[in-house]
Amino acid sequence: MAAAWLVVLLTVHRLLHLSGVSAVDRSQFPPDFLFGTSSSAYQVEGGYLEGNKGLSNWDVFTHKQGTIEDGSNGDTANDHYHRYMEDIELMHSLGVNSYRFSISWARILPKGRFGDVNPDGVAFYNALIDGLVQKGIQPFVTICHYDIPHELDERYGGWLSPEIQKDFSYFAEVCFKLFGDRIKFWTTFNQPNLSIKFSYMDGFYSPGRCSEPFGKCALGNSSIEPYVAGHNIILSHANAVSVYRNKYQGKQGGQIGIALSITWYEPFRNTTIDLLAVKRALSFGASWFLDPILLGDYPTEMREVLGQSLPKFTSKQKNRLQSTKLDFIGLNHYTTCYVKDCIFSPCEIDPVNADARVFSLYERDGVPIGKATGAPFFHDVPRGMEEAVTYYKQRYNNTPTYITENGYSQASNSNMTAKDFTNDTGRITYIQGYLISLASAIRKGADVRGYFVWSLLDDFEWNFGYTLRFGLYHVHYKTLKRTPKLSVDWYRKFLTGSLLRRKFRDESQLHKFNSY
């Protein structure tokens, strides 16, 4: 391990020397700053029919042919349902002080509000939460991370029906009542601004609805359904916050927010139309949800482009939104890209930003915007972290913020072994760069209070299945063995404040490094 760490140290020193940036250290962040890892129920738990759990929308979707790139599913995933104590020990040895996870709606309420609370599901999450607390790890809980009971899709169409607002409020209150005495941080939803587009515009995610030219699905309307679903999520969020504020927050002392996906955008060309394209891309991104929640209505750019396709809030709904403002914003940031205008210029269909009438690009004049990662749509562009955090700081009056996801992907296939993944210097460089950028934003006044690496373990990555690996720990999916990657040692040393403070005892090693 000592030799391996020396390789990491030399690599990071070299990269910093070449880039001219300073090393990042734990002392550059506030003492009470949360540092953790993130996950979600469907991606790690497995046990999909155990403990009287009901079917979720993702249980059904992944069993349909052609929905997942490698034909896989989350039936077993990382088997966190049975191995959660082992995973808590990994977190404890890593040195994190928080763990962000989600609660499986179908494990707690197999039939939504149309059935009983499942005591086996409650027992599992009580055991997980208690295990974390005993190790000094703060639970940071997402109420809904994509998965909903299949019953609700079957009964009334899931997020396309206003009925789901009642179900989500009921589920949220069950969670507050059962777990809120130990949970100090709640997020209602995880990045619905991204998942809704993939679910109802492109058809990549459950329930797989879309229409041409966005995709060729059996059912759906890509021009209308994403905004209907998004509207119901915003109102569901407001209702859940209202329940928490009025009945639980005073005695439980927690906070509640929402997590959104935030890609940072730069103009492809420094022209008026591409600068406007950046503005539209941002408005159709996190601001699609944050503007109504914090400012009372949808962004002007969305209304101008979508017209009557964008639902309207009633006066009563606006009052509810204004009276239930969140305590913090969660930002999931992975990458930066260029965008060009598609209103005055011909474009291909962009799977994420077509509704904003922009097209995303990852190189300009043959030069990549940043180093590619294992995910084709994520590039390593650290400056985007500071730019994005600063933008949302200014737009939303410096609302307290947590970086709820940030991570690096390695491409994977069945012929690769653990050794192909454990020497993950690319991940170390990525996290280091983004933390440097985040620390700069904090020094300039951004009220950021936590950072979570995605993810603790390699896991099921939605429509990509197991072809992408984001974990600090490698998971062998046949044996489920967890193996630390080099980034584990890096993150541990960062958290203990010893990163890059180790001195070379052998001056010849330093000479060798300088000539590397």
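Every residue, even glycine, has its Cβ placed from backbone N, Cα and C.
Cross-referencing Glu89, Glu386, Glu387, Glu405 against the beta-D-glucoside binding annotation in Swiss-Prot, which names Gln43, His145, Asn190, Gln191, Tyr334, Trp454, Glu461, Trp462, Phe470, picks out Glu405. Record check of Asn270, Asn397 in Swiss-Prot: the feature N-linked glycosylation site is attached to Asn270.
By a simple count of nearby Cβ atoms, those within 10 Å, the most crowded of the disulfide-bonded residues Cys210, Cys217, Cys342, Cys347 is Cys210. A separation of roughly 32 Å, to the nearest angstrom, links the Cα atoms of Asn221 (N-linked glycosylation site) and Trp454 (beta-D-glucoside binding site). On the backbone, the CA of Trp462 (beta-D-glucoside binding site) and the CA of Glu405 (active site, nucleophile) stand 16 Å apart. Cα separation, Cys217 (disulfide bond) to Tyr334 (beta-D-glucoside binding site), rounded: 28 Å.
Across Gln43, His145, Asn190, Gln191, Tyr334, Glu405, Trp454, Glu461, Trp462, Phe470, which the record gives as binding beta-D-glucoside, the greatest C-alpha separation is 18 Å.
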